[in-house]
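Student: What TrEMBL records for this protein is below:
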type	residues	note
COMPBIAS	1-12	compositional bias 'Basic and acidic residues'
REGION	1-29	region 'Disordered'
TRANSMEM	74-93	transmembrane segment
TRANSMEM	105-126	transmembrane segment
TRANSMEM	132-149	transmembrane segment
TRANSMEM	170-189	transmembrane segment
TRANSMEM	195-214	transmembrane segment
TRANSMEM	226-245	transmembrane segment
Amino acid sequence: MASNEFDRKAAEADNGGNGGPHFHQPNGASGTDLSRQISVTLTPEQFESIYLQPSQKSRQQGQLIKALGNPTCLGVMCFIFNLLPTSCILMGFRGLSASAQLPLVGVYYFVGGLGMTTAGVLEFIIGNTFPFVVFFTFGIFWLSLGALVDPVHAVQMTLATEGTDYYGGPAFYFLTWAIFVFMLTIASLRTNAVLVWILFFVAMTFVLLAAAYFRLAEAQMAAGSNLLIGAGAMGFSACMGGLYLEMSLLLASTEFPFGLPVGDLSGFLRGNKA
């Protein structure tokens, strides 16, 4: 009898005194669901390549990312859907003229405008400031371009019929965008080389668009047309980088066994932690 009682107490001691060792309990000793505490920490390089930010800011941001996903893929793809056909039209592929933009009005409003602003808002929610600014502002640009070519507003028709002075307004608008995108290009030097490529060529697109419209405002139609072709070439170059970046993001989102290098620049310039 004494021997049996001793064996029972010894067994309880071996089992932690609570019917089994702590690590045998499915939710841990405190009853916390361990399956809900599993997290994956990304390196700064991995985080930058997926979210176009040098590093994750906080644990709360990581929780938001897990809950909402990665809106960067949406923003980049919507941008390409707008810029690539527009660039082809500017370059005059297959003999196209500026009037070929008219069927793209819906694309400018919904894919570029709505799609990119939505991606920007989602980036804002998860705390990615730089991608938020990029996507949201470009979404606004595509909305404004849609209004420019929309026959309802008759802006482009006015440009064609009311004389050359009307080209000056769009010229200054594109010049302002060129300055802004060059600012984005400088800021992107802490992200990756592909994004720097994209933003640089987008900035050059705006520079040539502004130059083209200034020439058109001076009635130099031949020079303006050549500059528009150059603007299309710059935009096309940006799209090639955009397609590469989008493929890289898609591979990362599906945890593909290999990825595409994007040229991490998160360590190129030392971050200001102040």
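Start at 1 and count along the chain as shown; that gives each residue its number.
Yeah, the Cβs are placed from backbone N, Cα and C, and that goes for glycine too.
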Student: Apart from its near flanks, which chain residues at least 6 from the ends of the transmembrane segment (105-126) lie with a Cβ under 8 angstroms of it?
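Tutor: Distal contacts: 61, 64-65, 68, 71-72, 74-75, 78-79, 81-82, 85, 132-143, 145-146, 149-151.
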Student: In the same chain, who gets a Cβ under 8 Å from the transmembrane segment (226-245) while lying at least 6 residues past its ends?
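Tutor: Cβ under 8 Å, 6 or more out: 76, 79-80, 83-84, 86-92, 194-195, 197-202, 204-206, 208-209, 211-212, 215, 260, 262.
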Student: Quick test of the contact rule: Cβ under 8 Å, at least six residues beyond the ends. What residues does that give for the transmembrane segment (74-93)?
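Tutor: For the transmembrane segment (74-93), the far contacts come to 100-101, 104, 107-108, 111-112, 115-116, 118-120, 122-123, 131, 134-135, 138-139, 142, 202, 205, 228-229, 231-236, 238-239, 242-243, 245-246, 249.
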Student: Grab the same-chain neighbours of the transmembrane segment (132-149) for me: Cβ-Cβ under 8 Å, and only residues 6 or more beyond its ends, written as numbers and ranges.
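Tutor: Contacts of the transmembrane segment (132-149) (Cβ under 8 Å, skipping residues fewer than 6 from its ends): 52, 71, 75, 78-79, 82, 101-102, 104-105, 108-109, 111-121, 123-124, 155-156, 170, 173, 177, 180, 184, 199.
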